[in-house]
């Protein structure tokens, strides 16, 4: 298999560490080879910069140190050092549990007090005997253990959960322990992340505050602490009970049977057009669409391989994120994205629907704001640099606390520009993974003549 399969990849992240080595490499795989061959320290991760083709092997991963944003960098972390669960008897367990099943802190493997160890880092250099972490250097059938700091107890076993316990049964369909597409309809009961961390309950705000409240997402089945995908991520995830790890993906297997076809092949515009699968590939202003599987001229996160059921074929207009209607990135380097003009479906159906006594709310189209724009209620959703706004109720690509339930008076609808926090003018989070937020492309009302 690919050497990178053993690593977890995170785009746009740098981690602060003193123990590192610099190398010049041609690509990520060459850098992974350097990490595997590193002899100056135990290599747990590496950073690769695309422009400089620079490789940094690291002794620490994101669980052990500080992270911050770095646009051109990719962080690869060895999965074995992220796992908090054990496979089998746990001889390859390299997690950071450092107390016994009875809660007694472990003795460091390199120390001789209070117990003189038989297993030391010098005698067993490949057993991962670092710090005082639980390990299984002698292939004990009962799993990872450690020498204890209690003089009366030489050693004891550690309570490391089984990785296999994450998947208790393998049903089929949306309610089983497998997922279709990106797992938006997954309703299983897996409640541990892919590295073995226990999930935080959706109805609590500790240790992580969040905006995913059941009453605001009634159709997302945010029960207990089960893994879910309420915001269009590539697969189900959850907030974790580890204060140092806000959230993580869950290891849900893909269903063997293909998803049932439910009319997701519309050739015309119905509703918001999320089921549109036609071949229009030009925007409403006449710009040609960029292919979804390319990153030029605009870098983006809507990669077809990650979103299997969104219909991201060729450069056809689509609506993968619940926008007002289908859209695409454009081949014009100065215009990041635009909506497309899709012919509406049977007008007689629309006419029948219009006969219902449901009031149609037409949003007020304000193209300017007054004062700081805290009263702005228009429908602008593009930033000053032309980036598309992220929906306020979404946590992708940016997680945040500016949610509709926390700011009920700020009218945080859809992805419209707003000013919930008293900033200098309306703004929004962007759909560009490398730009968290920007001010919106709006003028002050007194900057131009009122009609």
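Cβ atoms here come from the backbone N, Cα and C positions, even for glycine.
Features of the protein shown, as given by TrEMBL:
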DOMAIN    1-80  domain 'Apple'
DOMAIN    84-163  domain 'Kringle'
DOMAIN    177-255  domain 'Kringle'
DISULFID  178-255  disulfide bond
DISULFID  199-238  disulfide bond
DISULFID  227-250  disulfide bond
DOMAIN    267-345  domain 'Kringle'
DISULFID  268-345  disulfide bond
DISULFID  289-328  disulfide bond
DISULFID  317-340  disulfide bond
DOMAIN    367-445  domain 'Kringle'
DISULFID  368-445  disulfide bond
DISULFID  389-428  disulfide bond
DISULFID  417-440  disulfide bond
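Mapped onto this structure are the features recorded in TrEMBL.
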residue: 227; record: disulfide bond; contacts (Cβ under 8 Å, 6+ apart): 186, 188, 190, 191, 193, 199, 236, 237, 238, 250, 252
residue: 317; record: disulfide bond; contacts (Cβ under 8 Å, 6+ apart): 276, 278, 280, 281, 282, 283, 289, 326, 327, 328, 340, 342
residue: 428; record: disulfide bond; contacts (Cβ under 8 Å, 6+ apart): 381, 383, 389, 390, 392, 415, 416, 417, 418, 437, 438, 440
residue: 445; record: disulfide bond; contacts (Cβ under 8 Å, 6+ apart): 368, 369, 370
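Between the CA atoms of residue 178 (disulfide bond) and residue 268 (disulfide bond) there is a gap of 32 Å. The distance from the Cα of residue 345 (disulfide bond) to the Cα of residue 255 (disulfide bond) comes to 32 Å.
Annotated pair residue 268 (disulfide bond) and residue 255 (disulfide bond), C-alpha to C-alpha distance, rounded: 30 Å. Taking the Cβ of residue 250 (disulfide bond) as centre and 10 Å as the limit, one finds 26 other Cβ atoms among all the protein chains shown. Counting residues of the domain 'Kringle' (177-255) by DSSP class, helix then strand then coil, yields 6 helix, 13 strand, 60 coil. Taking every protein chain shown into account, 199, 238, 255, 268 are the disulfide-bonded residues, and of these the Cβ with the most other Cβ atoms within 10 Å belongs to 238. Across the domain 'Kringle' (267-345), the prediction's mean pLDDT works out to 88. A simple Cβ count within 10 Å picks out one of the disulfide-bonded residues 289, 328, 340, 389, 440 as the most packed, and that one is 328.
Between the disulfide-bonded residues 368, 417, 417 has the most other Cβ atoms inside 10 Å of its own Cβ, all protein chains included.
Set side by side, the disulfide-bonded residues 178, 345 differ in how many other CB atoms lie within 10 angstroms of their CB, and the most is found at 178. Secondary structure of the domain 'Apple' (1-80) per DSSP (helix as H, G, I; strand as E, B; remaining residues coil): 16 helix, 36 strand, 28 coil. Residue counts of the domain 'Kringle' (267-345) by helix, strand and coil are 0 helix, 14 strand, 65 coil (DSSP-based).
Within the domain 'Kringle' (84-163), the DSSP-based counts of helix, strand and coil residues read 1 helix, 13 strand, 66 coil.
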